[in-house]
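As recorded in TrEMBL:
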| type | residues | note |
| --- | --- | --- |
| DOMAIN | 8-396 | domain 'Major facilitator superfamily (MFS) profile' |
| TRANSMEM | 7-30 | transmembrane segment |
| TRANSMEM | 42-63 | transmembrane segment |
| TRANSMEM | 75-93 | transmembrane segment |
| TRANSMEM | 99-121 | transmembrane segment |
| TRANSMEM | 133-155 | transmembrane segment |
| TRANSMEM | 161-183 | transmembrane segment |
| TRANSMEM | 213-233 | transmembrane segment |
| TRANSMEM | 245-265 | transmembrane segment |
| TRANSMEM | 277-300 | transmembrane segment |
| TRANSMEM | 306-331 | transmembrane segment |
| TRANSMEM | 343-365 | transmembrane segment |
| TRANSMEM | 371-390 | transmembrane segment |
Amino acid sequence: MNSEDREFLVIIALLMATSVLAINMILPAFDQITRHFNLPDTAQVGLTVSLLYAGLAFGQMVFGPLSDSIGRKRTLTIGIGLFLAGCALSGAADTFEMLILGQIFQGFGLGAPRVLTLAILRDRFSGASMASAMSFVMVMFVLAPTFAPFIGQIIVDASMWRVLFIAFAMMGTGLLLLIWLRLPETLPSHRRQVISLHSSYLSYLDVLKSRKAVGHAIALGVISGPFIAYLNMSQQIFEFQYALGTFYPIIFAALSLCIGAASFLNGKIVLHIGPSFLVILAMATIVTTSIIATIVLIMTGTSLPLLIFIAYIGIILFCFGLLVSNLNALAMADLADNAGAGAALVGALSTIISIPVAVLIGHFASQMTQPIVIGFLICGILSWSIHMFVDRKICI
């Protein structure tokens, strides 16, 4: 990989990391926001994360086809502009409802960098090469959520939760400058499509005919549900249920490194053994580990001991790191001619599926670690089954 490719992938990683930063930096502020708006508990603030994901899903559906028509860079500019508007709305919110509305706007705008990460990579790579490039992106991408809670905690402790949205706005502005100064346009004019409702319909219809794309998007959405639930519940679990207090960002960051380690390893081995085998291995590990954790839960009767829960989540996140790169690569394998619409549908479908799963698991937050373990067990089995069905005739 030459220096030009590295710079290209670093920019892509920053694009992908934006949405994760917007989520993870605000996690330490949940308690402060709860008290500011006189909410009964932090679970309601956690709902804002799910709604941000909802905005993200719909944004991807809009920006994917739009980018196939006007190009990747212009679409990114529009999306990040809407993200900045959402930051202003959330930062100035005087009611919890306005905060939620701002989060939805943020999510909708972030749909552009989220979906175009896949589309831009697919413009330049395919198959196992794309999985390898995706792994490189994921390694750098994971560093963002690893340190995001620390940054969020520092900002909240030094000022107040509203300042977080000023930080988000500065981040978005910097990203816009980077896009126009350093990111090449990967969709040349002769490959662009005339945008219309009919053309968008036909593009999505072509993607929906791909069993690989739809099946792997569903599998990714199912397994992402308990992951999002873990993000929503992480502060409550570590800071309050396990009484770790200010050690929460440290534990969260250390566990997030497991995703980065998996992505780094994936980039080294995926070209040799293929993404499909790695997906099967990761799914099998999630299910097996969750069965063991469930047995421990039955024996203890309440919740997993702290060290066992940390070890369990570490293994799960490592496997999740393998799944994100490889399921996305498998989903996009046949979508070279509809990369924008394909990335939009894959991203939106996986997000739309993951949100209700995460909300359902979050309803049982009072039962400590049990919902997380059982959620990963059930979703792991479902996702594994979907992949095995879809993958019957796939060889990459």
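A Cβ is built for glycine as well, from the same backbone N, Cα and C atoms used for every other residue.
Note that TrEMBL annotation is computational and uncurated.
A quick note: this is a predicted structure, and the numbers were derived from the prediction, not measured.
Contact between the transmembrane segment (245-265) and the transmembrane segment (133-155) holds: at least three of their C-beta pairs are under 8 Å, each pair 6 or more apart in sequence.
Note: the stretches the transmembrane segment (75-93) and the transmembrane segment (277-300) are not in contact (fewer than 3 CB pairs below 8 A, sequence gap of 6 or more).
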